[in-house]
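I have placed the structure first, in the form of structure tokens, so that the comments after it can refer back to it.
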Amino acid sequence: MDPISNDSSEITYDYSDGTPNPDMPADGVYIPKMEPGDIAALIIYLAVFLVGVTGNALVVWVTAFEAKRTVNAIWFLNLAVADLLSCLALPILFTSIVKHNHWPFGDQACIVLPSLILLNMYSSILLLATISADRFLLVFKPIWCQKFRRPGLAWMACGVTWVLALLLTIPSFVFRRIHKDPYSDSILCNIDYSKGPFFIEKAIAILRLMVGFVLPLLTLNICYTFLLIRTWSRKATRSTKTLKVVMAVVTCFFVFWLPYQVTGVILAWLPRSSSTFQSVERLNSLCVSLAYINCCVNPIIYVMAGQGFHGRLRRSLPSIIRNVLSEDSLGRDSKSFTRSTMDTSTQKSQAV
């Protein structure tokens, strides 16, 4: 599925009804038209850019000062950077849709900029998985966390996730190119699988669906099921705001990426002559724009989570975000849980 144009498979211009181009009138004058989905995508892109750049830049600014000493700040700093990179590419994608998919920015920009949305998808879900593992260890392995949970280890984990995300984005870099539209003067930027094996498009679609959606969904569901059971069974951990924030972020990720993943699989598996394919293809820009909403919702979640009953209007946005993303009660509870565990084991050894 292509973040730029509605053509996400092999480039071909043969139409079943024998006409050179179904959108071209009989007099040969091609008048490009904008689909309703494209108009909706433009509105969403504009809103996401305004909110996403401002919000994520604020999160980066707040967490950058905390990242030297707190693990939570490192997690959310990297999430904000991934979202901010995607949001900064939006003006170019916006321009491409306004120009009816014409790409005036050159070959290198075609390779890099649209691929940022995939880099954001993979880096976000891998970072969310890492954050979830951190939450899991804090609850179930508090002694280990007291010894080894340090900012240095968190930075190493983030580095690994970024490398993996880049590796998973390689197919977009390899198969994306620009070409001239034979029916107009437009230059198009899209995915071309014609030079790869016949199965490459389906293989990439399956990889993207499994690694970027299904497997993380199953893993995070299992992880948070155990976390919620343990969290609500202990009074000391019932007010863990970071756990709730992470769960909200994870939920938004899967909700906004679901249309993109579903339509991507449909476009990869159905023949281009299928009426279903053509209908889904018209929704391409809209589904990509919905995925982009995920890039701006995290700062909103942080602010909403930090709106306490007292002093809502007196507190500034940076202080709200700093409070939400700080090392919360869960970290303190792990310390108390560690002490209680050690005390219990000491009592058992004395009894023996």
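Cβ atoms are placed via backbone N, Cα and C, with glycine included.
For the residues SER233, SER273, SER326, Swiss-Prot attaches the annotation phosphoserine to SER326, which does not rule out the feature elsewhere. Residues SER239, SER334 are shown; Swiss-Prot lists phosphoserine for one of them, SER334. Considering SER8, SER329, SER345, the record held by Swiss-Prot lists SER329, annotated as phosphoserine.
The disulfide partner of CYS110, as annotated in Swiss-Prot and taken from the candidates CYS158, CYS189, CYS223, is CYS189. Swiss-Prot assigns PRO36 and ILE97 to topological domains bearing the same name, which places both on one side of the membrane. In the structure as shown, the Cβ atom of CYS189 (disulfide bond) sits within 10 Å of 27 other Cβ atoms. Sequence-distant residue pairs (6 or more apart) of the transmembrane segment (112-133) and the transmembrane segment (39-65) include fewer than 3 whose Cβ atoms are under 8 Å, leaving the two stretches without contact. Segment contact is absent for the transmembrane segment (285-305) and the transmembrane segment (155-175), given fewer than three CB pairs below 8 angstroms at sequence separation of 6 or more. According to DSSP, the topological domain 'Extracellular' (176-202) comprises 3 helix, 10 strand, 14 coil. For CYS110 (disulfide bond), the number of other Cβ atoms no farther than 10 Å from its own Cβ, over all displayed protein chains, is 22.
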